[in-house]
Amino acid sequence: MLREQNFDVIIVGGGHAGTEAALACSRMKKKTLLLTQNINTIGALSCNPAIGGIGKSHLVKEVDALGGIMAKAIDKSGIQFRILNSKKGFAVRSTRAQADRKLYSQTIKKTLLFQENLLVLQAEVDDVIVSNYKIMGVITQTKIKFFSKAVVLTTGTFLGGKIYIGSKCFLGGRINDYSSINLAQRLKDLPIKIGRLKTGTPPRINKHTINFSKLDVQYSDNPLPIFSFMGNQKEHPRQIPCYITATNEKTHEIVRKNLKKSPIYSGLITGIGPRYCPSIEDKIVRFSDRNAHQIFLEPEGLHDIEIYPNGISTSLPEDVQVEMIHSIKGLERAQITRPGYAVEYDYCDPRTLKLTLESKFIEGFFLAGQINGTTGYEEAAAQGLLAGLNASLYASNKCGWFPNRGQAYLGVLIDDLCTKGTKEPYRMFTARAEHRLILREDNADLRLTNIAKSMNLIDNSRWTRYVEKLSNIKNETTRLENLKIRSKLYSITELNNFFSIKINTESTAKDLLKRPEINYSTLMLFKKFSPGIKDKEAYEQIEIQEKYCGYIKRQIKAIKNQLNNDYIVLSKIKNYKVVKGLSNEVVSKLNFYKPYSLGQASRISGITPAAISILLIYLKKKLYST
C-alpha cells in the first residue's frame, strides 16, 4: 500500500535520464524513490532502436566511466555494432549499436528493481511541494505525498505532450502513454521559463512485407565493438544486419502534394523540431535540390516483426504515409504496423539551471533530459547521471560537481545548455567540443573513473580494472622508451627493411609509434620489441598518445588557459549593478543568467570582452580590499 514516506532523493520519470539519476543516487547510498507512470516502460527506447553515434557514444562512454548503466545495457542487447568514422582520426570515431528494444528495456528494469537503496513505484506525479523556494517533495495523482531533500525531474516528452497524426491531435507523451498535464501546469506557476519543442518518429513496418532482395545490406563490424569499459563480446546477443534504401522523386512528390496536411506546415504545431533529425517533410522542403534521402531499415529486435525506417520521421495523415512508403524501393508492398507521429511538449529554459542542473531559483530541485531542451537517449542519460549525483551531494549538504569543457563531453553539454540555452532540440556532436582530441570515447575511463570513485559511484571491480589499465599503460610505455634503437644494439638496416622506413638517427621503439604506417601490433611483429601486452585498451592509449603527442600538448595548454577564467567564481556578486562600467544590457544578462564563473560569463551571448575585463578588475579590487 502506498503511503507518505521520506526519502533523500525522489526521481520523477523512468526514462534514460531518470534511470541513470536513480541508480547514481542509490549507489551513493541515498534512500531513493523513482516514480514512473508505467513500470513496464522503464528504459524504453521510444524512438529509434539504437544507442550511440557521432558524439553520442562519447557521452555513453562517459556515463559508463561514472558507473552508469547505458553502456552495459546496450552490450547485452545490441544486435548490430559498428564504429562510425573508422577511417578518420580517433577524436571523431564513434561506436553505434542497434538494440533489441525488449532486451534493452528488460536489462534496465532488472537493474533498477534489484538495486539496493532504490524503491521503484508506479505513480503519476501531479505536483511538487515547494516552500520558501525550496523543494520539499512531490504529490501523486492519488494525492499521496512523498517528502525528500532533493527532487530530480526527468519528464521527457510527457510534460504537456500532444501527439499529432495529420489533423488528428490527442494528449500523450508517447503513443499509448498519457502526458503530464497537471504537472505541466504546476511548473508554469514556478520561476521557470517554459517553451515548446517538437520531435517525431516514423511509421513501423512489418518485416515480412519487405522485399529485402532489392536492398543494400549493412552488417556488424568485425571484430565487434564493445561499449562498456567493463564489457566483452561474449555478452552480445546474436547479430543481424540492417538494410539500406532511399526515397525518390515519386516519394518527394507525394510529400509535397500533401504538405498542407502535415501539422508542421498547417500551423497546428508551433514547437521547433530537431535540426539534425528532421521529418521527411522538412527534408524535402529544406533540401529541395536533393532527389533522394537515405533510409536505414533497422530491426526492432531479434524476435520482433517490426522494422524502424530511420530517415522518414513524419506526422502526415496515415493514408499519405501508406502511399509514401509504397513509393520506396523494397517497400512497394510493405505493411505499416503503426503510423508515424509528431510529439509537441513543454521544456524548461536550461539557462535557469546551475551547472549542477539544480534550479537557480528553487533549492534542491534538479532537471535532466529532454525537459532541458535536448534530444536523444544519450544526452538524457548523461544529464540524469549528473543531476542524480548532485542531488545526492545536495542531500548530504556537500558541494556539487560538474565537469568542465576540457574534461568531458558532459561538460560541453551542460555548459552549452546552461550558458547559451537552446531554442531547438539540442543534439551532441564531436564538432561542439573544442578539445575533442582530449575528449575521445576511448579514454573516457581515464578521464572520469577516479572522480567516480571519489563519489562512490563505482564498484571495486571497475576500480580494479582502471588501476590495472593505468599500470599496463605506464609499464609498457617505460619498456618501449627503454628499447633504444642504436647501431650497436639493432641493425638500423634491419629495422628499415622490416618496417619499410628510413631511420637515420638514434630513437626508441616508442618513437616509432609516431609514424603513421606503424601501430602497436605491427611494432610487436619485430621480435626484438616483443612480447607486447595483451591489454588492447592500454596499448591503444600508448599509440594514440604518441601519434598525437604534439596536438595533445597544445590542447592541454589551451584547456589550462580556458580554466583560468573558469576557476574565477562570480557567485558572491548578487547584483551586477554594483560593478561600475558595465552596460545596462550586460548587467541585465548577468543578473538573469547568474553565471557561476568568469569563464561561463564570457560564453553568454552579448557579454563582451570589455565587460569581462571590467569584472576581472572589480574582483581583483575586492580581493585586495579584504
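From the backbone N, Cα and C atoms, a Cβ is placed for every residue, glycine too.
Source: prediction; values computed, not measured.
Copied over from Swiss-Prot, here are the features:
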- GLY13, GLY14, GLY15, HIS16, ALA17, GLY18, VAL125, SER180, GLN370: FAD binding site (BINDING)
- 273-287: NAD(+) binding site (BINDING)
Quiz item: For the binding-site residues listed here, SER279, GLN370, which shows the highest count of neighbouring CB atoms within 10 A?
Solution: GLN370
Quiz item: Which has the fewest other CB atoms in a 10 Å radius around its CB: GLY13, GLY15, GLY273, the listed binding-site residues?
Solution: GLY273
Exercise. Give the maximum pairwise CA distance in Å, whole number, for the residues GLY13, GLY14, GLY15, HIS16, ALA17, GLY18, VAL125, SER180, GLN370 listed as binding FAD.
Key: 18
Exercise. Find the shortest Cα-Cα separation between PHE287 (NAD(+) binding site) and the binding-site residues GLY13, GLY15, ALA17, VAL125, GLN370, and name the residue that gives it.
Key: GLN370
Practice problem: Show which residues of the chain containing VAL125 (FAD binding site), separated from it by at least 6 in sequence, have their CB under 8 Å from its CB. | Solution: VAL12, LEU35, VAL138, ILE139, THR140, GLN141, SER180, LEU183
Practice problem: Take the C-alpha atoms of GLY15 (FAD binding site) and VAL285 (NAD(+) binding site) and report the distance between them in angstrom, rounded. | Solution: 33
